[in-house]
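Taken from TrEMBL as is:
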type	residues	note
DOMAIN	8-167	domain 'GTP cyclohydrolase II'
BINDING	Arg47, Val48, His49, Ser50, Glu51, Gln68, Glu89, Gly90, Arg91, Thr111, Thr146, Lys151	GTP binding site
BINDING	Cys52, Cys63, Cys65	Zn(2+) binding site
ACT_SITE	Asp123	active site, proton acceptor
ACT_SITE	Arg125	active site, nucleophile
Amino acid sequence: MNIEKSNIANLPTKHGNFRIRAYKENHQEHLAIMSENFEEIETPYVRVHSECLTGDALGSLKCDCQAQLNLALEFIAREGGLVIYHRQEGRNIGLLNKVNAYALQDQGRNTIEANLELGFKEDERDYSIVEEIFKDLKLTNIKLITNNPSKIEYIESINVGVEERIPAITELNKHNIHYVETKKKHMGHLF
Ligand SMILES: Nc1nc2c(ncn2[C@@H]2O[C@H](COP(=O)(O)OP(=O)(O)OP(=O)(O)O)[C@@H](O)[C@H]2O)c(=O)[nH]1
Ligand SMILES: [Zn+2]
């Protein structure tokens, strides 16, 4: 994999001060967001956050993405760690397809049924860039912020130890409760 990486720069945010590095693979760019003390921590807290433009940027109430991102940024600013902003929109079906999936959800399909009806798997994400970022940042043991057991499985499969799982549980609302229930029931998410 041919990956270009940026220098490390400061990023002050309302959640705290971070250090960021961008990574470019083919036509996609990702971001590592590190706490200021990241390099001194032996076993950092890590979140691999999948891009959700509608949630992260627009504050969509259909999912729990923005709340999880905010939770993770606040957590690592306080406790020390890393958020990888993994640019695989819509579980990697892309924005246009995700909006088509939303249109099917408007007609009553759940998040998985909509993906399948469009000809995709329920989850098309590929985490190979995450392995490259872990190598670049020399991560061998982490504490992972997630509810998704397949993320833990993947990270262990690349020989990075997951010493602890921190749940990423946020407040639900009437728009996302069905989405979260579907993840729990059909995708094995831990709540
Ligand atoms: N295809 C599709 N993608 C969605 C939908 N809602 C959210 N997403 C995407 O799902 C991804 C987030 O995945 P989730 O299943 O919510 O959570 P996760 O990352 O697997 O697990 P956590 O680490 O616990 O948050 C983001 O890329 C979102 O853009 C949807 O209805 N359809
Ligand atoms: Zn979302």
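Glycine residues also receive a Cβ, built from the backbone N, Cα and C atoms like all the rest.
Heads up, TrEMBL stuff is auto-annotated, nobody curated it.
A 10 Å radius around the C-alpha of Arg91 (GTP binding site) takes in these recorded positions out of Cys63, Cys65, Asp123, in sequence order: Asp123. Within 10 Å (C-alpha to C-alpha) of Arg125 (active site, nucleophile) lies none of the binding-site residues Arg47, His49, Glu51, Cys52, Cys63, Thr146. Thr146 (GTP binding site) has Cys65 as its nearest neighbour among the recorded positions Cys52, Cys63, Cys65, Asp123, going by CA to CA distance.
Close to ligand 1, meaning a Cβ under 6 Å from one of its atoms, are these of the binding-site residues Arg47, Cys52, Cys63: Cys52, Cys63. Non-local neighbourhood of Cys63 (Zn(2+) binding site): Cys52, Thr54, Gly55, Asn176, Tyr179, each in the same chain, at least six residues away, with C-beta under 8 Å from its C-beta.
With a CB cut-off of under 6 A applied against ligand 2, none of the recorded positions His49, Glu89, Arg91, Asp123 are retained. Comparing Glu89 (GTP binding site) with the residue listed as 'active site, proton acceptor', their Cα atoms are 11 Å apart once rounded.
The secondary structure of Glu89 (GTP binding site), as reduced to three states from DSSP, is helical.
Here the C-alpha separation of Arg47 (GTP binding site) and Cys65 (Zn(2+) binding site) works out to 12 Å.
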